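Peer 1: Dropping a structure here in structure tokens format, bear with me for questions.
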Amino acid sequence: MLNDSLSKTLNEQLNFELYSAHVYLAIAAYCSGESLDGFANFFMVQAEEEKFHAMKLYKYLNDRGKRVTMEGMDTPNNEYTSILEAFEHAYEHEQEVTRRIYHLSDIAMNDREHATIQFLKWFIDEQVEEEAMFDSIINKLKRIDKDSNAFFMMDSEFALRTFTPPAL
Ligand SMILES: [Fe+2]
């Protein structure tokens, strides 16, 4: 049986994943406003991934007999001075997600809630990938600096990113 404090924190995480989607859609809109459609696509796909993460938590809470509740969310940052700044913001956001997943894992371990510990392992692995991806893009953007050819090549590359949802 999932205790109330753990299920409440899992529900908060579900809502935070949706907030993440909101943050990335705001970045996508900034990119679209700058006519950088490839970068916009990258963040739209990222937002889809976040919705998938939220639905994974939704299903888990339902499977464990817990009632999911939706919460309101803060207005995300809509203005950036550069693509690099937007990616840095995204990277910091992912680090915050990781902190929250670790906190959830700590509670689950404290409760000896093995099914939840197991469930959260997927998210822990996912966070390693998310952080690595943003870190590597930031490094590339810094190396590219003012080379506009390389920058637009990156934009074209990101236009190809797609999201195929795995099974929940
Ligand atoms: Fe996520």
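Cβ from N, Cα, C; glycine included.
Because the structure is a prediction, the values reported are computed rather than measured.
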Peer 1: Can you match one of Glu17, Glu157 to the Fe cation site that TrEMBL gives for Glu50, His53, Glu94, Gln127?
Peer 2: Glu17
Peer 1: Counting every protein chain present, what is the number of Cβ atoms, excluding its own, within 10 Å of the Cβ of Gln127 (Fe cation binding site)?
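Peer 2: There are 18 such Cβ atoms around Gln127 (Fe cation binding site).
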Peer 1: On the DSSP side of things, how many residues of the domain 'Ferritin-like diiron' (1-145) fall into helix, strand and coil, could you say?
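Peer 2: For the domain 'Ferritin-like diiron' (1-145), the helix, strand and coil counts are 116 helix, 0 strand, 29 coil.
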Peer 1: Starting from the Cβ centroid of Glu17, Glu50, His53, Glu94, Gln127, the recorded Fe cation site, name every other residue in that chain with its Cβ within 8 Å, sequence order please.
Peer 2: Ser20, Glu49, Val97, Phe123, Glu126, Glu130
Peer 1: I'd like to know which of the binding-site residues listed (Glu17, Glu50, His53, Glu94, Gln127) lie near ligand 1, counting only a CB under 6 Å away.
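Peer 2: Checked binding-site residues vs ligand 1; flagged Glu17, Glu50, His53.
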Peer 1: If you skip the near sequence neighbours and keep only those at least six away, which residues in the chain come within under 8 angstroms of His53 (Fe cation binding site), Cβ to Cβ?
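Peer 2: Glu17, Ser20, Phe123, Glu126 - these are the non-local Cβ neighbours of His53 (Fe cation binding site), listed in sequence order.
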Peer 1: Cβ distance under 8 Å to Glu50 (Fe cation binding site), same chain, sequence separation 6 or more: which residues?
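Peer 2: Sequence-distant Cβ neighbours: Glu17, Leu18, Ser20, Ala21, Tyr24.
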